[in-house]
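Chemist: I have a structure here, written as structure tokens, and I will follow up with some questions on it.
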Number of protein chains: 4
Amino acid sequence: MADDIVKIKTIGVLTSGGDSPGMNAAIRAVARAAFHSNINVIGIKHGYYGLINDEFEKLDTHSVSNIIQRGGTTLKSARSEEFRTEEGRAKAAENLKKYEIDALVTIGGDGTFTGANKLSKEHGINVVGVPATIDNDIIGTDETIGYDTALNTALDAIDKIRDTADAHERMFLVEVMGRDTGFIALETGIASGAELALLPEELTHVDEVKEQLHDMLKQQRRSSLVVVAEGDETGGAMKLADNIKDDFSQYDVRVCILGHVQRGGAPTARDRVLASRLGAAAVNVLMEGHSEVMVGVVNNALKITPLRVAISKKKALDHTLIDLARVLR
Amino acid sequence: MADDIVKIKTIGVLTSGGDSPGMNAAIRAVARAAFHSNINVIGIKHGYYGLINDEFEKLDTHSVSNIIQRGGTTLKSARSEEFRTEEGRAKAAENLKKYEIDALVTIGGDGTFTGANKLSKEHGINVVGVPATIDNDIIGTDETIGYDTALNTALDAIDKIRDTADAHERMFLVEVMGRDTGFIALETGIASGAELALLPEELTHVDEVKEQLHDMLKQQRRSSLVVVAEGDETGGAMKLADNIKDDFSQYDVRVCILGHVQRGGAPTARDRVLASRLGAAAVNVLMEGHSEVMVGVVNNALKITPLRVAISKKKALDHTLIDLARVLR
Amino acid sequence: MADDIVKIKTIGVLTSGGDSPGMNAAIRAVARAAFHSNINVIGIKHGYYGLINDEFEKLDTHSVSNIIQRGGTTLKSARSEEFRTEEGRAKAAENLKKYEIDALVTIGGDGTFTGANKLSKEHGINVVGVPATIDNDIIGTDETIGYDTALNTALDAIDKIRDTADAHERMFLVEVMGRDTGFIALETGIASGAELALLPEELTHVDEVKEQLHDMLKQQRRSSLVVVAEGDETGGAMKLADNIKDDFSQYDVRVCILGHVQRGGAPTARDRVLASRLGAAAVNVLMEGHSEVMVGVVNNALKITPLRVAISKKKALDHTLIDLARVLR
Amino acid sequence: MADDIVKIKTIGVLTSGGDSPGMNAAIRAVARAAFHSNINVIGIKHGYYGLINDEFEKLDTHSVSNIIQRGGTTLKSARSEEFRTEEGRAKAAENLKKYEIDALVTIGGDGTFTGANKLSKEHGINVVGVPATIDNDIIGTDETIGYDTALNTALDAIDKIRDTADAHERMFLVEVMGRDTGFIALETGIASGAELALLPEELTHVDEVKEQLHDMLKQQRRSSLVVVAEGDETGGAMKLADNIKDDFSQYDVRVCILGHVQRGGAPTARDRVLASRLGAAAVNVLMEGHSEVMVGVVNNALKITPLRVAISKKKALDHTLIDLARVLR
């Protein structure tokens, strides 16, 4: 890594893996920051699939205007089995050279970063990762792009379910996304005033769940709402319902699986600002000569983390929040 | 039925059956319209269950203020097996007499009206029904209270799913509510620009569905979105996915079941105005001496329909909209 | 006007005047319905300005996909002083002939229709109008495209203002759009539970307003919220505040002018379905040989109204709603 | 200050100053955390006004249930001139003693904290402050309760204005709240992709503003959107419009003042979690023997700041964000 400014003429940018709200804001920030330093930008469609299959298009200032507020990704995303092979990555590297792309910004999650790291190691391509996933499971950044929006989308849905739960004095098991992490479940649990939040990071004993629910129902609560992380070892809301509904038959236990709704929608202010910071930072660190790193924001300051570190483990939940949920419910 | 104004001193009001957004606006309108004519109002909690079990509380102008915008129902709703029996209804009638309630406004759907009709027939209680259900399946009114809100909630969710469908060029099967009717599916299908909407009112052949989807995918659509009514004879989105996913394996077919989210949330302007009109109308028709009727709005004018007619059949879909969906997709 | 199907090869479509949510859904419907009948569609940018200045572009099925949910208008809108002149309209007609456009669909309000009517009269161009304005002031249709969305946007804002009004027990004067009509003010007034709604259609005496507010405040209301139509003869919320604030100094009278926020945003389900119906209907009536007409929906059925009638007077408010507002407040 | 746990039997809680979304979540957290430690909670209505005028009411677990999602404050807020006097504060202290309240949690901004500090100094009342204001101008916490919600409400409005600005290629000056600070203006400016954001913290030269706008308009932007902080020394959006509109007459310069809408609405996930953390922390620090302090979250960890420090100066803007706005616009 060098201290001097590195001459970069052309940057490529792509989104890969599961989409998350704010990816467009990140694309825009990469492009605008690059243009600000007189760097060309080429958008690569469909992630690594397009990198291999030559789906390159030059971006200008208009191609990224009026996209900051859009969900999804204008560059599209896709899976690419071929990129998992050395041959696939060799083709990708060839295309990058053909278009004289000096560095690549990859927007996505850990799978995206694993691929970027290999591409760099094998072909000397300068790469920087921008963490964007609703799961918030990437270390090296306090939040990932899309997490705040997904949180609010899930919360808005849970508020609506609370309306109907209250009206009928029912029990609802609401399953939220987050793969094998409980970030969305924990924070929506606190923010919705849920009776319980079941997290993959904590061992869930169905018997204890039943007991806790019985205790709370004795306090004459009008309804019960349990947030279940999709990765919880109970197997999700549907399976949990099968296991407990006989014990709570008077409450007419219902299940809601919020699903892909959580991936879409206009990004929140927070996600757009984060995406703007990280997109611009990605260009800056490339100009500073970094590669094989991820940009993040930790304690309100920019942080650069080696990609191999970023993909080495999952981010842990904040245990003070787990305790808080117990005190306030 | 009399032409003169009938002396009514006290009205009871309850919500029953599945809750729908706007029920609180209807409760408020019943109360405010009654107060305006110097009539007392008693709220009965938990629908027919509370009617039998003496959950009565006097309402004043403050008890209904600041509820017009709330989802759910402040009077709660519940099922009552007992009310389906003659004994149950006899107890209910006794309570109504005990509190000197001259007439009862029941806010709900066809099950609610069936019960109200029996109560009136057996015990001479004056009853009027206010149609409130997200399913929109009641004849005698162009729309039921809650339908417009449910429509917009479902549409908002489908817009978000479209974001992620587009980003990944995937196929999504989205299941919406509506019991055995397709109102929500048809209108959200049109409004979301869905590729197809599968309705209980129309015979769905899975082979035709596959063919139509194949045809549309040949036109290089970026994604496919099929709205499936929960009552469609294909058995819902999950079952349909099982039947078609092998034929569309390249599109990574996904299922979203929107579920109870559609029942909650702040009611739309339209639902609040409709609930306000119908709640006030319910008081007026009781004062005019009507009973065993439902109030509705047809062609922008108030309409009074006998309860036995209202519960005799389901409302039919507007076939011009079914044709429109075909032309525009 | 002919009964037979008229051979139309190419249709032009434009949006003009103030934009309203759902214009994109209408553009899409015009295009899709035309394609369904093998008719070409040319989009004209910037309304009549672009018609004169040759801003024509051919639309295909992709150019209107994924726009149904967008606010604003992808065809843009603009004012054109030149189109008010005979010379301007002559140029416009020439362009239409140059591109072999057989008929023109104009989406907008009364100003738009006035222009369309003149173009047709002077140059024999077949025109049909699609009513789109948030003001809802066009006769020949129960609702105009954009009205329902504007209503809900305004209502959502008023709900938020009610939160803060209640917290502080303040009086708020909220000004809503609608030009010289009170549709938005009346319906948001009812739907928000406003203490008063001041409408251009009704004479407002400031002394009476004061008296009514004093009466209501004596009932120990937690807050007062007055919705003021921008066209009310009191001169709008700011002026009214100047006139009454000394009489209500203990309530810390505040003013909110909702403004252009009411014109934007994703259209509601209702506006998208209406726009879809009217856009498709516009193509159909042109194929049936009509011209100089507006398409509308009255009592849930399509209605064709001569443009000269549509622009001859403003739609009147529903007086039963004015009475309802008085009873329920 | 002591290390041991202090015996607290009863806590009082109030909200004061301008209301902000999340105050109810904070009230709930104070109450629930207190109950968890077997402490009684008395809610004081109307802030310091109620403290002097004996508006005390005991809270139980039900009085704070289902309020976490509500805007405004269930305890109401008010101004109190009397509390600014020694006599007023003496009455307040007397009431606190009468109800045997050991400690007081005050939820609000700097004015609230100033009062609390005096009350403690003069009468030995244990007080802790919870920072809640949409302005985000309190040091000792990265964010104040309500800021994130206000940000998203303003952003949502600006997105809608962008729709109509784009449709008409107009220039809009949008005024956002924040009193004499530019937090909301800066972050909504970045998040909306505004052409400019005018902040009280930075000297604004109208001539430079004009020049920058002219430069940007030369790049063929479809519209211009300038976010103006209400405290900007240009005097706000209306005054700025008067100063520049002649130079941009072809763009039909429009003004929107978002106003009190920004204070209401359901709090975001972030604000609810923050309010939950700080409300619970307030109880904890009182139990630890602290007084005359404010609780905050800095770098994701709880931080305790003496009230006199918290009120000594305004929080500064993050200058990296100001630079970012310049690069990305």
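Cβ atoms here come from the backbone N, Cα and C positions, even for glycine.
Predicted automatically and left uncurated, TrEMBL annotations should be read as such.
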Chemist: Taking A:R79, A:R84, A:R162 as the options, which does TrEMBL list with A:R28, A:A29, A:V30, A:A31, A:R32, A:G193, A:A194, A:E195 at the ADP site?
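Modeler: Only hit among A:R79, A:R84, A:R162 in TrEMBL's ADP site, alongside A:R28, A:A29, A:V30, A:A31, A:R32, A:G193, A:A194, A:E195: A:R162.
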Chemist: Quick one: which of A:G18, A:G22, A:G43, A:G140 does TrEMBL put in the ATP site with A:R79, A:S80, A:G109, A:D110, A:G111, A:T112?
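Modeler: The record-listed residue among the candidates is A:G18.
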Chemist: Which of these, A:R170, A:R270, does TrEMBL say binds substrate at the same site as A:T133, A:I134, A:D135, A:M177, A:G178, A:R179, A:E230, A:R254, A:H260, A:V261, A:Q262, A:R263?
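Modeler: For the substrate site that includes A:T133, A:I134, A:D135, A:M177, A:G178, A:R179, A:E230, A:R254, A:H260, A:V261, A:Q262, A:R263, TrEMBL also lists A:R170.
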Chemist: What's the number of neighbouring CB atoms sitting within 10 A of the CB on A:T112 (ATP binding site)?
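Modeler: I get 27 for this one.
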Chemist: Find the one among the binding-site residues A:M177, A:R179, A:E195 whose C-alpha lies closest to that of A:G109 (ATP binding site).
Modeler: A:R179
Chemist: Would you mind ranking the binding-site residues A:V30, A:V261 by how many other Cβ atoms sit within 10 Å of each Cβ and giving me the lowest?
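Modeler: Lowest Cβ count within 10 Å among the binding-site residues (A:V30, A:V261) is A:V261.
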Chemist: For the C-alpha pair, I'd like the distance in angstrom between A:R179 (substrate binding site) and A:R28 (ADP binding site), rounded off.
Modeler: 28
Chemist: Tell me, by DSSP, whether A:R254 (substrate binding site) is helix, strand or coil?
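Modeler: Its secondary structure by DSSP: strand.
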Chemist: About how far apart, in whole Å, are the alpha carbons (Cα) of A:R254 (substrate binding site) and A:E195 (ADP binding site)?
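Modeler: Between the Cα atoms of A:R254 (substrate binding site) and A:E195 (ADP binding site), the distance comes to 15 Å.
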Chemist: Sequence gap of 6 or more, Cβ distance under 8 Å: name the residues on the same chain that satisfy this around A:D110 (ATP binding site), in order along the sequence.
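Modeler: In sequence order, the residues whose Cβ lies under 8 Å from that of A:D110 (ATP binding site) (at least 6 apart) are A:T133, A:D137, A:I138, A:A310, A:I311.
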Chemist: Have a look around A:G109 (ATP binding site) and count the other CB atoms within 10 A of its CB, chains all included.
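Modeler: Cβ-Cβ neighbours of A:G109 (ATP binding site) within 10 Å number 26.
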Chemist: Taking Cα atoms as reference points, rank the binding-site residues A:G18, A:S80, A:T112 by distance from A:R263 (substrate binding site) and give the first.
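Modeler: Closest by Cα: A:G18.
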Chemist: Which secondary structure state does DSSP assign to A:T112 (ATP binding site), in the simple three-class scheme?
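Modeler: Going by the DSSP assignment, A:T112 (ATP binding site) falls within a helical segment, counted as helix.
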